[in-house]
Amino acid sequence: MMDCSFRLVQLLLAALLSVQAAPSRGRRGLLTRRAQQPSGSCQWHGKWTRCDKWDLLSDLVVFRPTVTATGNSSRTSLILPLDEMEDLSTSECGPCQADADALSRLLAKIGLVNETDRSAFAVDFCNASFIVCIRLPDGAEGYLLLLWGNRGGGFEVTEWRANLRTTVDFPRDIYELKHILGLWISSVPFEGQLMDEVGNMTSLRLLYIRRTIMNGTIPKSINKLTSLKALDIIGSSQKSLSFSGQLPYLNLPSLELLGITDAALNGPFSVANLMQIKYLTLERAGLHLGSIPSTLGHNLTSLVLENVSLSGLIPNSLGELHHLETLDLQRNNLSGRIPMFLRNLTRLRHLRLQSNSLYGSLPDGFGSNWPDLEELELQENQLSGFLPASLSKAKNIRRIDLHSQGKADEGFSGGLPPEWGLLTNLDHLDLGYNNLNGTIPEQWGNFSQLRELYLEWNKLSGTLDALGLPPQLKKLHLSHNKFNGPVPDGLAECAELKELVADNNNLGALPSSLDKWTNLTKLSLSNNNMTGTLPSLSPIKRLRTVDLSCNRIEGFTGNGFLPETLEDINFDTNALAIIPASWHYLPAAKKLRLSNNSFTATTWPEWFETAKGYCANDRISTLSEAKEWLSAKDPPDWPVLRELDVSFNSLHIDVTDFLQGFRALPSLSNLTCTECQLKGNLTCAVLHHFDRDDGYVTLKDSFEALAATGILTLAFNHITAVDTSGEPLKKLARDIDLRNNSLERFDVPDSPSDWPSYVNLKNNTNLRLFVNTTMEIKDCAELTAMRDRGIQALVRNPNWPERNDENGGSNGQGSECTSVCGRLNDIHLDHSINPTALCRCIPGYGGAGDKCEECPAGFYSNHDAGTHMCHPCRDTETSKAGKDECDCKEDHFKNASKMCQKNCEIGYERDDDICRKCPSGQYGKIENGKATCEQCGADLISPEGSTEKELCYCTNGFIKHSNKLKCEKCIEDMQGLDCEEPIKNRSLVPTKKGFYLLSYDDKMTTYAAKNTTLPVVIPCPFKQACDGVDEDTGLTKCLSEKGSKYRGFVCGLCEKEYARRGPTQPCHPCGEVHWNILAAIALIVASLVAIFGLAWLAERAGTRPRDDVIPALFKLGLNHLTSISVLAMLVLSISYDVKHLSKVIVPTSRLFTWDGGMPFAYGSWECIIARWDRDDNAVLWRHAAWIAVPLVCLIVIPAIGAVFVWGHKRLQRCWRRRRPTAAERRSSSQEDATRNVARDESRDTPRDVAARDVARDVARVGRRDCCARMKTAADQRAALFIIILTFTHPTVTRNMLMLLRCREHKIKDSNKLLSWPDVNPDLRCQEGLHLNFFRIGVLGLMLWSFSPVIIGVVLLCCIHDQLHSPKMRKRFGFLYQGYKRAYAYWDAVFALRRVLVLLISHMVVNDPNLQLHCWAIVAFICLTAHLIVSPFDHRHMNLLNRMESQGLIIWLASIMLLSVILHEARDVNRGDAVYINVSMLMLAMVLNLYHYFSLLSLIFRHALSQVAEKKENVDRTLRVRTTFGLTAFSSLLSLREAPVLACVPIASCLSRLMRQLLEWHTRREEQRRMRLGKVWLDWNTGKLSLMEQPATDNMSHNTASSPDIVIHGKTQYDRLSGVVRFAKSLYRGGGTEEWWIARKRELVMRMLTAAMQEAVDLLQIKEVPPDFLDFLWSYCFVLHSPYMKKETLRREPSISPDEPRDVAIQERPVIQSSHSQLCQQSTMETRRGSVWVRDLAESDKSFVASERFAADCAKSGMTLHDLQSKLLLVVDKLVTFQNMYEENIHLSKRTRSPKVRSPSGRNVAKEDKSFVQSVTGTDDVLETHEHIGGWRELYAAYENAKQKERHGRPRSTSAQTYESEHEGGVDVERLMTGVERMMAAHVSGGVSEGVLGEGQLDESEQGLSYGEGHT
């Protein structure tokens, strides 16, 4: 503090000494003053010795020191810190001395240094006040040249600038300064331009050019200043004197400050190369940036972009400028909300966003992160919301400006935040023009530094007491709020207050004492609630404006003295009764408003009562008159008063006396006394007055300013006369308003020059003036040339205005009035001054002046024709009342002599008053009562004498527009019109057959009714139904013959008792009702038979091995039927329209119209429903009923099946009661033996017992639980439900789409779209009744077309891991049987394809070509997807994939053929078109028939194979369950063995025929399988061979095991060529034997690949046993051995009669027993003779026994077909065993049984502890045994049997032994390696030997693939 005081004293002393030592103000004292400046060291300024220069630079941004009075500066805001630099003397600055001569020469040239002082200046110029020599922190030395013309630091420059009288050219010598560090020019009148030489000043660090008059462009050479740190250019406010042109691309790497202000630059602006920029300022630079640059450096401290055309949102990139202290974006067009990321700018000091388009509320926490914020300016935006209380955390804020946010009642709302009371540093607060409410918080009394407070135009209320006593307050604006109470006395203590504005509030009174308001200049409290006496305003010595209007002030305290400084005084609308006497002297008053007070004649001031005025022609005759004139009181002394308003005061005084009081005011230019009750005459006494000046009396003119430029308003008074005694009235005022007075006399000046410029005498009803009406002038402008003729001033305006019925007259109508010519003046008079001269009657009225009456009918008047009165019409004429002329009577016209003559008739034309007939091509009409002929127009003709334009018609090939008389060509849009003959009658438009004319109300066409400009011709959907036009009605005639009858819109409905057989098919008679019912019932029965049959096949396929393909083939056929049916329907619709095709195509195409769904009698149902439907909606109801059909089928069909099953069981029970025959008894004994064996097995299997217990418990619970029973029933009938939904899916979809199917036709002239449904064209699409059916259609599609597909996909995804379980195959197998496991959902693809095909068929109805193209795209996509994916598995040699590919190819080919047929059908003129079309159609039919025959033959062939198998396995047939209900076919098949049928000869014959057929089929199948070749197995070595060769040529199966399988499974070869390679593999004669062996080897590899992969995936085997593939194909031969045994026995001769019966009985079970029975029999034989079975389990013994037959089978070989079938069967059995094993584990867990049985009956609870724990998830296992279960049990049995047979030693099957012996098993991941090389070896080396790759693996691969001893 002491240092600061000492510094202040020192500065004051230095200033005083410098002033005293200054000898003069010239240039000579420069060195003297410079020598006397202080040069001592300033210890508080570091290294600086010149404290004055420190102070000169310290407040500049570029020299901001690191430590300031407010604290430490951030490093990023520093450019050249002053405290890091050092000032130098001239001797210390070497580079400065080098520039001394050039600098002195420069300064002498501009006059800043005298020539005499130049040498001395050069010696020590660093001592000059405008030069600072410094050393920068980087060591650079130089000087700053500061030419500041408006700053006190450099006093020499200030004086030099003040003495300049002209501009100074910018010196080019400045470019020679080589060591200058800074050039700063400010407010110096330099003119000129910056030259390119500025680039030579490379030492420059600073370049400032401010407020000069330099112009031109900024040179590009400025980029050479690589060391430049600051560039600041501020031009002149005049754009012509500022920098302009294109801004160069700035590339200044060291630049840290850039400022451009008030310039006219253009072009792009970029800061990309200004990486060090810290301060960027662009203010009114002329640039149009558009957006804020996105490449701003992170060190930016200040960003000012004012008025540079910014728009859009504030970019997010600003939130990353963490060092920003100033953000100024004002006066742009920014929009959007104030972003939240501004909170990241924690160093922000100045935020200016005013004058933009920002909207919305302020962000939460606004201001809380800105502790250093000093200024916040957001005014003139569109912000809203509440004022943020968080702003109170900005403790250092000094200015808040938020005013003017949008329109009235917009902006910020809510109350004033009390938290702002903490802002004690606030000195400016502006919240005006918002929507704030509430009161002023008490906390705001803490604003100790507040100087300006603006709260106007809000809704604030309460008192002003909360403001407290801000000692610094200068401006307080509170207008337009709701404040009440008195102005607080505390406010009167604010001595600094200058403005107090609180208009439009409810404030009561001012403080009683205003002595301290000595600085107040404006006091405005208008429109408040002030009453009583006003305190004295005399203490307010500086008051200039006082506005206390619109209050209830009654008087003033004391004598009412006002300050002499007052200029504007407004006391309007108060209760003042007197004017204080002190107001006699108001020296500075310019405006005085006292209107609407309580002044009267008695209270009017006496000093206004002056003596009688003096007129120019008066003479002073007596001494008393002279005394009276001279003794008058002085008028008010208002020397500068310009405006005086005393209106609306009831003065009731004479007008002359009123005006005399203001005659002597020299400056009065506006005097208003409206409605003051003035009276009397306005005389010449007001035009002059006597004035006493220095003892002399002089006569002067009154109202000097008022007469020159003033306005005198005396309207709405009672002035009676204006008599100036011949003196010009213009001496009174320039403009005089005397409206609405009681004038009776007005002296009209003789000369226009004596009139004022403006006179308004309107609404003086008693005033009468003479108006000259005889002067002939064209307009009032001619009076200008007649001013010297002495004419009267008032002349009538010859230009009458337009007719105005309201201008007067006795009854207020019928007259028109003109005005008076004002000549050179603006005179306003109304016609009442002389109505006779200024008014006249309008035509049709008679009278004089404004008294006019309407002429009656038969009379006329017209002043233009010289008739002012009403005159009668002639005999041939007539008129209505009020007419200005007479018209001819009817049938008359005015001839050339304007006489009325009788008219010609229509169709004739008058020619020289003679009527002639209209010629052809014209028609007659009456126009204005005159018959004329008009041309019909181009391409139009008419009969001669036509009487109307409707008789005009177009020529051939054209048709007439209905509303316009023109013709248009019959173009393609009207192709149905028959334009060969002219269309003469609009009501009868000929059309071609097959087209329909749009009618209006079924009475006429829209063309005839003129609803459409042209006929609307619509193609009929069924063209034969539209039979041309009815000549009587003009409407389209629908075909009505005996065989077909149509009606309705586009003839789209059948007549009663007629119906269609299908969509877009002809109508046929319904026939008898009973035949329709029988047809419907027959198709229902057929549907039931088909559903039950397919359900039986699906259930049977679920219980059979996976080689059953019959259901899948049925599905392929149904899908193909749907795809072909739409093509057939399209062919039918085309064939009906083409006659030469219908006879051939229609009968054949109907064969293909079945869509593969439920067949139904289309026409029969319509006929049946039509009998009960009275609204002609039978077709709609027929289709809509299908929404309920699937639900009915799902309920009824299972019930029918259940009833049928119950009846079937009853019949069987009845047949069994009769006595059996001997043969039946033998069969029964065999069955009993079999059942006993099965009972023994079941007795040994506790799993079955536990399962039955659980089932019994479930059944018991189910009887108690209805829901469980229903779930069980639905679960059992799942397959039947799926079949029903499959059958109904295409039919329901087709019927629902029929409800949505609409046709459209665009009406050309109105662009309207006419749409109607196909099922009932009388309706409109999605309107009225059809809207309900449309909704039914949409609901049906969602419910039955898409929902089942989605549910099916979801279901398959849920049970994906259980697809191979027997239960799931039986329930849902129909959905995924035949597909690969990965594509189990592919049936959904088929369903969606059906929906898409039907959707195209029914939605694209108007364009067959588009339909075919869409179908072709769908077919191509489906074919491509099928070839790529191949979703079906490879059963039966890839049969399903091949058939699906064949069907898709045929479908695509059929679409292409139909496209050609459709194209050829258009060319009906070609003779060979019929043959081409028929040939192509037959080709398409043959292709599809071939496909259907192929499917049926395959189904029949496989069915015979299954029947043959069933014939040999009666037991399995008799055990088929009928869960879903069997069809009649299955019942007959089950009963064919019944004895009752055996007794019938016909049945016996059929049985023999069936047996012969089955034998023939068996032989054929055997031959077919043999064509594919065989494989052989050496049972002892396990080697698989492709040829029957010696054992040495065989190869081990391990060679073709895992690696071969994996490579085949990974690559899958090329799927697109799979079909071709597969066909080649089946071709036997296409190559050599080696080629065939290679192909057969590839086929075998595919089979083994599929089986290996499927087994690994389904069984989830992580480590594949090395001989697992050996196990698979060995098991295949084991399963195939019973078949081979049966074939061998079948080929042997039958048992002779001589053979003992016991032998026969012994052999038949072997022939007819199943595989399990065969194994049981072999096991018993093995027990008696084998030595290897003593240590084996029962399953092992069974396997060894089976090997006896398998060895024989291996020697004879197995066909490839059988190999594939048995591989599928092996995988299924392994999966089944594993599932049963896991179920037993779960069952033991639920029953807490310590025993877990394998499928063979062994307890394995402890045999495989790890596996059991993995399944059950528990360690609760009680005992340990030696064996394992599931598929491992079969594999272990195979291993033991193999060891016994091949190596002569038994093998342990314990889990420990199994795991130890298979530690070398193949890991699946490991198995994937080394495959490519091995596969190549298979192809190259294995062909010649005929074996599967023997010896083609190296040792490493053998180690991966082989088991023990199989290398």
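Cβ coordinates are placed from backbone N, Cα and C, and glycine is handled just like the others.
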Range annotated as transmembrane segment in TrEMBL, from 130-148, 1118-1136, 1536-1554, 1669-1687: 1118-1136
The transmembrane segment (1073-1097) versus listed stretches 1118-1136, 1184-1207, 1278-1300, 1410-1432: most Cβ pairs under 8 Å: 1278-1300
Stretch in 1184-1207, 1278-1300, 1341-1363, 1444-1462 most in contact with the transmembrane segment (1118-1136), if contact is a CB pair under 8 A: 1444-1462
Most Cβ pairs under 8 Å with the transmembrane segment (1410-1432), selected from 1184-1207, 1278-1300, 1444-1462: 1444-1462
Intrachain residues whose Cβ lies under 8 Å of the transmembrane segment (1341-1363), provided they are six or more past its termini: 1187, 1190, 1282, 1285, 1288-1289, 1292-1293, 1296-1297, 1300, 1369, 1372, 1375-1376, 1381, 1384-1385, 1387-1388, 1391-1392, 1395
DSSP residue counts for the domain 'EGF-like' (839-852), split into helix, strand and coil: 0 helix, 9 strand, 5 coil
Overall pLDDT for the domain 'EGF-like' (839-852), taken as the rounded mean: 84
